[in-house]
Amino acid sequence: MNKTQGKVHSIISNLVLVRTEGPVSQNEICFIQLGNERLMAEVIKVVGDIAYVQVFESTRGLKPGSLVEFENHMLEVTLGPGLLSKNFDGLQNDLDKMTGVFLKRGEYTNPLEEDKKWSFTPLAKVGDKVTGADWLGNVKENWLDHKIMVPFKLKGEYTVASIVAAGEYTIKDTIAVLKDEAGKEIPVTMIQKWPVKVAIRNYVDKPRPSRQMETGVRVIDTMNPILEGGTGFIPGPFGTGKTVLQHALSRFADADIIIMAACGERANEVVEIFTEFPELEDPRSGRKLYERTTIIANTSNMPVAAREASVYTAMTIGEYYRSMGMKVLLLADSTSRWAQALREMSNRMEELPGQDAFPMDLSAIISNFYARAGMVYLNNGKTGSVTFIGTVSPAGGNLKEPVTESTKKVARCFYALSQARADAKRYPAIDTLESYSKYLEYPEFIEFAKKNISDTWIADVNEARNMLVRGRETAEQIDILGDDGVPLEYHVVYWKSELIDFVILQQDAFDNIDGSTAMERQKYMLNMVLGVVRSEFNFDTFEEINPYFKRIINGFKQMNYSEYQSEAFKKYEAEVNEIINERKNN
Amino acid sequence: MTTAFQKVYTKITQITKATCTLNAQGVGNDELAIVDGRLAQVVKIWGNDITLQVFSGTEGIPTNAEVTFLGKAPTLRVGDDLCGRFFNAFGDPIDGGPAVDGEEREIGGPSVNPVRRKQPSELIATGIAGIDLNNTLVSGQKIPFFADPDQPYNQVMANVALRAQTDRIILGGMGLTNDDYLYFKNLFDNAGVLDRIVSFVNTTEAPPVERLLVPDMALTAAEYFAVDKNEKVLVLLTDMTLYADALSIVSNRMDQIPSKDSMPGSLYSDLAKIYEKAVQFPAGGSITIIAVTTLSGGDITHAIPDNTGYITEGQLFLRKDAEIGKVIVDPFRSLSRLKQLVIGKKTRKDHPQVMNAAIRLYADAANARTKMENGFDLTDYDRRTLDFAKDYSNSLLAIDVNISTDQMLDTAWDLFRKYFNKAELGIKQEIVEEFGKFSE
């Protein structure tokens, strides 16, 4: 096919108008020639023979009349073995392959390695009837089983005409030949391309999520659980610990694959991941965290249009691994920066603005994106999931702004970070009572919890939650009436809620042991804390209550810092029980 | 600056307060031009209509003014001769000295590839406990002071700059009053460190739009020292609120749709481009940025501090503590995001827990104070926290403190022992035993 050509007509920052000399399509990719550099751009609007393109690079020095070549395809990613342990930019350029300390304009690098040999084992055999996303073979990528699949673009039924024997192949080698109904042969390699803005839908069914995804973060797992294939979001003013929380999730969550999209955020935060993940061990597999992680880094100083692309690139890679039957956790920090990228372009195109100058269709764009997450049944009956947790950075910490509101409509879990908790250094600063997980009401999850955690789990969690509500109410009463103006019982209720706060909700993300808590241990601690909550204590004056509970809390905290069921743990447990028995009303 | 081949245009079709438009061909985006002897930059190309932003304003520019294009983006001549010199926003000397001879570099250059950055890990000690103890600074960090205009932010920043162990200090002054400009100049002069310092200054006497060039000028100079010379460079930017105001003026003149607080929709990206120049290079050089963002009435929800907070690695709040009559670094609202990289690692092991315990107790004191103000009886614990808070404020939070980090930690333990028992601290037992010196 001939490529359509065009010439630059106008330039407004990174929005360029191109006078075209043929057909172009919406979202088509084009390259603008600037000296020896080729700048990648995407069509975002067409009026007559003028195409509006957003350039993924700086347009400094670009002149009208420069040559533009259209590529006949949308923004695509390359999918195949070798995606893991990579640091990509928003357009899937391998950042490690770029030369020099500074990013060079117009430098695009191959996301995968063309000459690397992969050990391939066939799963399909000649004569098998297959369709898009069916598994043809298996490749070991790090220690994970990377499935080589029938290209997603292939619709209908195909027959495997030939497939190579087990052995070492590169991603460019043909590993199978498929025949369509008309007998046309289609060679298949280990790689395929897919347009990022289109969801991969090669699955049979997408049921409601039911299985819990353990994160190791108590305030999430115990109080507001997220499920495999679920969606959640973390809004919070700056300085409330969004990023620390996301990093904790990426390290400890029970997922096969972690994809982190650093979207318009600080470069030093990405560097932290680059530096620490190769060292950190995955607590479940004992391997290095880096081996199951892909990072899409489009930091705030990188071009804005590529920032918009970065979340789609991340999601597409997530969907790709989901099709292999993997549990994928996708973290995006922050979706507000993505929305701002949309706003900048909308503004340059002089579209009529919606609220806070965001584009009118912001809400639709966000809900479409969240809808791509989920657990699916694959063609072969196995399951795979993409769990998505995005952070939102609300302007001025005001949750009534468009990005937060649009996200709230679609995400099932809401983790509200509170400035007050952050100020008091009560981390993670998730305000449990403001937050919610709709999954607690899902019959599917209630069933799951009964079977896998305990019969009374949901009731226990609700009891703890109620205690927190009562604690908050009595705290207000005490504030209004004074310490001696309320019955003793008020102080006890308040301190019982503080106990839950200090022992269950607060967690030291930087401590080796307290940083992540397994479900088994969470259950144990919640039971023990509820034991205190359910007990009655003898006090004569309110002044005895505060120091008494402080001692209990201190004991519990030492337990949290000790290896589960270790000697130290048991020693502190005995101490706590001793303190409890001092005043417990039998 | 013009050459014989340059075409001179003399027909301006449109003039606004900050921009003018003319018909020209072969002009590149971001290119510089001279309009009636004033420096201007291409900000929009619409077919053959070129819109220029005139930095010093368009007052008195006639429609038949001479316009020539320079064929290049704004540049700075870099070299060791920059040291000890004062320049305006265009990089021209304002101290009466000669022009700097050196390699000409485009300002506002490309970003560092994130995988080529190194994780910041070098502590920058300032002697101020409100910073070193609670909000430790790290090389390669970017952090602003959030302060009301009446607070002594420039003085504190200058103190930090002079005490910090860095090779080079670059001052980017935007909308500095002449008094503040002279304050910096005299201070640096008297401290005998002028040869370490390069200054780019736009005073309130100069047109506001010129300010837009100052951060890029300062950071281009910083990159020269950090990349070419592997030096540790500290960049001071004051006041970024005035920079953002200049952005909004330009975007307004160009009929862009304003977003929150009449700031341009691209404010986040514009600020990020500047602050993200802070970096630790693998070869040892680094750029650390300390900026000032002035607030209006302490409001951090305004678009400028809000976007800044999302970009920078923390913020330092100054507040007048009425009880002790001194300015303190507010421990609640201040934060250094990178402190985790050094505290307890480059400093003593008990640093993180001591820091957190002290702040938590200080928060308890704030609650006790509310109780007291509402006329309620205080418990013994409440009274102890109040006494602690006063001592803590005076001996650690106040900006006139100048001691080593170990001394800060010892001071904190002294206060803990004076007012509290071990259980009230909530500190890991082994740490208390090693550093607490509590008598049994």
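Including glycine, each Cβ sits where the backbone N, Cα and C put it.
Summarising the annotation, TrEMBL assigns ATP binding site to A:GLY236, A:PRO237, A:PHE238, A:GLY239, A:THR240, A:GLY241, A:LYS242, A:THR243. Residues annotated as domain 'ATPase F1/V1/A1 complex alpha/beta subunit N-terminal' in TrEMBL: A:9-70. For A:110-197, the entry in TrEMBL reads domain 'ATPsynthase alpha/beta subunit barrel-sandwich'. Sequence annotations record features per position, and here TrEMBL assigns domain 'ATPase F1/V1/A1 complex alpha/beta subunit nucleotide-binding' to A:216-437.
Features recorded in TrEMBL, as mapped to the structure shown.
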| residue | record | Cβ neighbours (10 Å) |
| --- | --- | --- |
| A:GLY236 | ATP binding site | 29 |
| A:PRO237 | ATP binding site | 23 |
| A:PHE238 | ATP binding site | 26 |
| A:GLY239 | ATP binding site | 21 |
| A:THR240 | ATP binding site | 26 |
| A:GLY241 | ATP binding site | 24 |
| A:LYS242 | ATP binding site | 24 |
| A:THR243 | ATP binding site | 20 |
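Broken down with DSSP, the domain 'ATPase F1/V1/A1 complex alpha/beta subunit N-terminal' (A:9-70) shows 0 helix, 38 strand, 24 coil. Listed binding-site residues A:GLY236, A:GLY239, A:THR240, A:GLY241, A:LYS242 compared with chain B at a CB cut-off under 8 A give A:GLY239 as the close ones. Residue counts for the domain 'ATPsynthase alpha/beta subunit barrel-sandwich' (A:110-197) by DSSP state, with H, G and I taken as helix and E and B as strand, are 0 helix, 41 strand, 47 coil. Other than A:GLY236, A:PRO237, A:PHE238, A:GLY239, A:THR240, A:GLY241, A:LYS242, A:THR243, the residues of this chain whose Cβ falls within 8 Å of the Cβ centroid of the ATP site are, in sequence order, A:SER393, A:LEU417, A:ALA422, A:ALA429.
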